[in-house]
Amino acid sequence: MADHKESKMEKLAHKIHSKISSPSSSSDSDDDKSSHARAVALKAKVYRLFGREKPLHQVLGAGKPADILLWRNKKLSGGVLGGVTSLWFLFEMLDYHLITLICHLMILALSVLFLWSNASNFINNSPPTIPEVVIPEKCLLKAASCFTFEINRTLDIVRTIATGKDLKTFLGAIAGLWFLSILGSCFHFLTMVYIVFILLYTVPVFYEKYEDKVDAFSEKMIIELKKQFAVLEKKVLSSINKEKKKD
């Protein structure tokens with residue numbers, strides 16, 4: 001009988017203990033959920049350059065071009081960089097011309113294939129297999145459509161600037177053209193293209209490596225630029241209004 005009472009007391013104590021401990025465990029799980037939600041919210045509030053939400057690799061297309069630009073395959077990226085540098089050296093330093101290079105390469109390729117095809121009959125060897133290259137019509141139409149869309153968008157931006165509706169776009173276009181004119185007076189066109197290529201090959205890798213630091217610094221810079229632009233816009237608009245009043 002005493003053993004039976006003791007077992008009942010133990011069961012009752014176990015129930016009381018489980019009731020007391022269950023709210024604490026649920027509160028712990030609630031705290032974990034709330035802390036996770038806060039972490040997700042803080043991560044969402046982190047400033048990313050150009051309002052980027054996806055990783056840089058996905059922004060660049062997540063394909064082979066992105067792998068090349070981000071140096072995922074160092075041998076392939078180094079080979080592309082070496083080839084482009086060699087072409088720039090030929091054209092810019094040795095004064096080699098593009099049409100001359102293309103003609104010389106075609107002469108070499110056609111001569112090798114012609115001699116190989118004829119020599120294979122004498123040496124009992126199989127002639128070279130030259131594949132039939134046909135460009136699909138859909139690819140050309142898609143490229144033409146994309147090209148037309150970009151041209152129309154550029155013309156629309158130029159029209160918006162010319163009508164005087166957007167002061168911010170006007171000032172940005174003037175600053176960009178002025179900067180390009182300075183670069184054009186210092187470098188040849190081919191050298192400028194090569195500089196852009198080098199920037200594409202170095203800036204994304206640098207940004208991916210120091211992403212958080214660059215985003216934090218760019219956020220401060222953009223806030224400061226917006227303040228300065230607001231002051232400049234007020235001055236320009238006030239001067240325009242003063243001239244209108246004089247007239």
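The backbone N, Cα and C atoms fix where each Cβ goes, glycine too.
What TrEMBL records for 1-13 is compositional bias 'Basic and acidic residues'.
Feature annotation from TrEMBL assigns domain 'Reticulon' to 65-247.
Taken from TrEMBL, the feature region 'Disordered' covers 1-33.
Within the chain carrying the transmembrane segment (96-116), a Cβ under 8 angstroms from the stretch's Cβ atoms is held by residues 90, 127-128, 130, all 6 or more beyond its ends. Among the features that TrEMBL reports, transmembrane segment is placed at 96-116 (among others).
Annotation source TrEMBL lists transmembrane segment at 177-203 (among others). Same-chain neighbours of the transmembrane segment (177-203): 69, 77, 81, 84-85, 88, 91-92, counting only residues six or more beyond its ends whose CB sits under 8 Å from a CB of the stretch.
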